[in-house]
Amino acid sequence: MSLSPKSIFVNQLGYLTGGQKRFWIRARSPLPFVLQAAGGMAVYAGITSPAGGDYQAGDFSALCAPGTYQLEVGGSRVPVVIRRGAYRDVLNALLRFFDYQLCGVALPASEAGPWAHGPCHTHPAQVLGEARTVSCNGGWHDAGDYGKYTVPAAKAVADLLLAHECFPSPLAECRPMEAVHPTPHLPPALEVAREEVVWLLSMQDPETGGVYHKVSTAAFPPLDTRPEDDAAPLVLCPISYAATATFCAAMAHAAVVYRPFDPALASCAADAARRAYAWLLRGDMRPFRNPAEIRTGEYGDDELRDELLWASCAMLRLTGDPACHALCEPLLDLDLPLELGWADVALYGVIAYLMAPPGATRTDLRAKLVQRFKSLLDDFAALAKAHPFGLPMRDEDFIWGSNMVLLNRAMSFLVAEALGVYHPATRAVVQRTVDYLLGANPLGQCYVTGFGTNPVCHPHHRPSVADDVGDPVPGMVAGGPNRNLQDEITRRKLAGRPAMEAYIDHQDSYSTNEVAIYWNSPAVLVVAGLMEKGER
Ligand code: G3I
Ligand code: 9MR
Ligand code: ZN
Ligand code: CA
C-alpha cells in the first residue's frame, strides 16, 4: 500500500536518545517500515501495528544512536531525528513566551529580535464605577488579547513554580530575556514568573485584601492592534471571590518557593496571601459575571469551593497553621473534580496539601489523597490505552484550549511522580503528549509557533498579527482542536470533522488558534519533566 507523507505523523522535533520513539500512520492494515541512516543504510526495520480507528503505530524505541534518519513507510519518506536535548530549544522558547507577553515594558530588539516593541498599557486603570485609579502596570497579557486576568494568571504562575520545584535542572538551561527583568539570575522559571507575581500584588486592594478580577479595556481592540497602540482606557473589574482565592493560593505558593532566592518578595507574597485569605473567610462566595459595559474575557466560574480548597491548602503549606488544616479537611472530603484548569483547581489544592510540612498534615488524610490521585491517574492511563495516539483524552475533551486539557493531564502524572506517587504509565503518557503537541497528530500539526516542519503560522495573537514580521512570536502553544466550533471560521470550514481535526491555523480562529499564558505554562512543566526522564 502506498502512503502520502501527509499520512505519516512523527514528533517533528525528534526523540530523546533514551526515550520511547513512536510514529503513526493513517492506514487500515500493518505496513513494514525502515529507518535509514545518512548514506541510506537501513538501521532499523519493523512493522506497524493497529492503534485504533484509522491509525497504525510504529515503534523504534530500540534505536538509540543520535542522528537524522529517513523513516520509510508505504513508499514515502520523512525525516526523523534522535538526539540528546531534542526539546531544549523548545523548552527555552516556551518559557521565553512569557517575556514576550510582558506588559508595560519595552521589549528591546537585543532580546526580542524582530518582535521588539515599545512599552504598552502604562496608564493607570480606573476602578469600575468609581473615580479612583490604580496603577497595575506589568505582568503578562493573557493571550492573543491584552487583558490581564487574575484567575488564569494564578494558574500560570502556579505551573511555573511547580515546574521549578519538580524539574529545576532542565529549566536551568533556559535563557529568559535578561534585560527586561530587574532581578536577573534567579532560576529561570522564577525569574520569568516574578513579573507576574509582582503584577498580581498590584491587583490586591490594600484596604480590604480582596483582589480585582481583571484589568482590561472595555472591549477587545481590533486584531491588528499593536500593544503600544492599544490606548483605550483601562478598567479594573470588581473584586471577586475567584480572583481573591486563586491569588491567595498563588501568593502563598510564591512565598514558599521564592523564600531562598528573593526573601523580600517572598515576605510581600506571604503577607498578601494572609490578607487575601482573611478576605475569603469573610467574603461572599459569589461567581463573577462581566459587568454590562465590559466585553473582554469573563473567566466566570460557578463552583468556588475548589478555589477555597486551593487557597486553604496553599496557606497550610505556607503556615502549617492548624486553623488552616481545619478548613482544608471538609473541603478535601468533597467530590470536586481533580483538575488543574483555570476554573477547576482542586488538584492544585491536593498537591499543596501533599507538599505541606508533614507535621502540619494528617497521615491518614495524606494516604487517602494519594489514593485518589492514583485512581485519577489510573483513569487517565485507561483513556490513553484506548486512544490511537496514546493520549489520556476522550473525544469530548477536545474543547476550547484542548492542548491545555491534555498538557494538564500529563502534568498530573509528572507532579505525582515528583511527590513520590509513581504510576507505571507516566513515561508513556508524557512522551505521547509531547509527541502529539509537536506533530504526531492527525493533522501533522506542530502546535508550537516557530518549531517543527509544520508549525502554527497564523495564531490569533494581536502582537503577531499587527507587526510586520512574517513569522509569529516563537514558542507559543495554540489552543488546539475544539469540536464545539466556537468561532465563525471553524463553523464555516470544519463542520463534521473528527474531534482531533477540529482545528485551523487561521488568525481569526480564536477558539482553536489563540494562545494563552496558561496553555504555555503546563507545556513548560511537561517538556521539562520529559527531558528529565527521557535522557537516562
Ligand atoms: O467544560 C465545558 C464542558 O463541561 C462542556 O460540556 C463543553 C461543551 O461546550 O465545553 C466546556 O466548556 C468550555 C470551557 O471553555 C471549558 O473551559 C466552553 O465551551 C468554552 O466556551 C470555554 O472557553 C473559554 C473561552 O475563553 C470563552 O469563554 C476558554 O476556556 C478560555 O480559555 C478562553 O479564554 C480567553 C479569554 O476569555 C480572553 N482571552 C483569551 C482567552 C483564550 O482564548
Ligand atoms: O480576540 C478575542 C480573543 O482574545 C477572545 O478569546 C475571544 C473570545 O472571547 O474573542 C476575541 O475577540 C473577538 C470577539 O469575541 C468577536 N469579534 C471578533 C473578535 C476578534 O477580533
Ligand atoms: Zn500591555
Ligand atoms: Ca472552581
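Placement of Cβ uses the backbone N, Cα and C atoms for every residue, glycine included.
In TrEMBL, annotation is done automatically, which means it is predicted and not curated.
Going by TrEMBL, these are the annotated features:
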DOMAIN    6-76  domain 'Cellulase Ig-like'
DOMAIN    87-526  domain 'Glycoside hydrolase family 9'
ACT_SITE  HIS460  active site
ACT_SITE  ASP505  active site
ACT_SITE  GLU514  active site
Rounded Cα-Cα span from GLU514 (active site) to ASP505 (active site), Å: 10
Integer Å distance between the CA atoms belonging to HIS460 (active site) and GLU514 (active site): 4
Cβ atoms near HIS460 (active site) (within 10 Å, other residues, all chains): 23
Sparsest Cβ surroundings (other CB atoms within 10 Å) among the active-site residues ASP505, GLU514: ASP505
Structural state census, the domain 'Cellulase Ig-like' (6-76) (DSSP three-state): 2 helix, 36 strand, 33 coil
Mapped DSSP class for ASP505 (active site), helix or strand or coil: coil
Annotated active-site residues HIS460, ASP505, GLU514, filtered by Cβ under 6 Å to ligand 1: GLU514
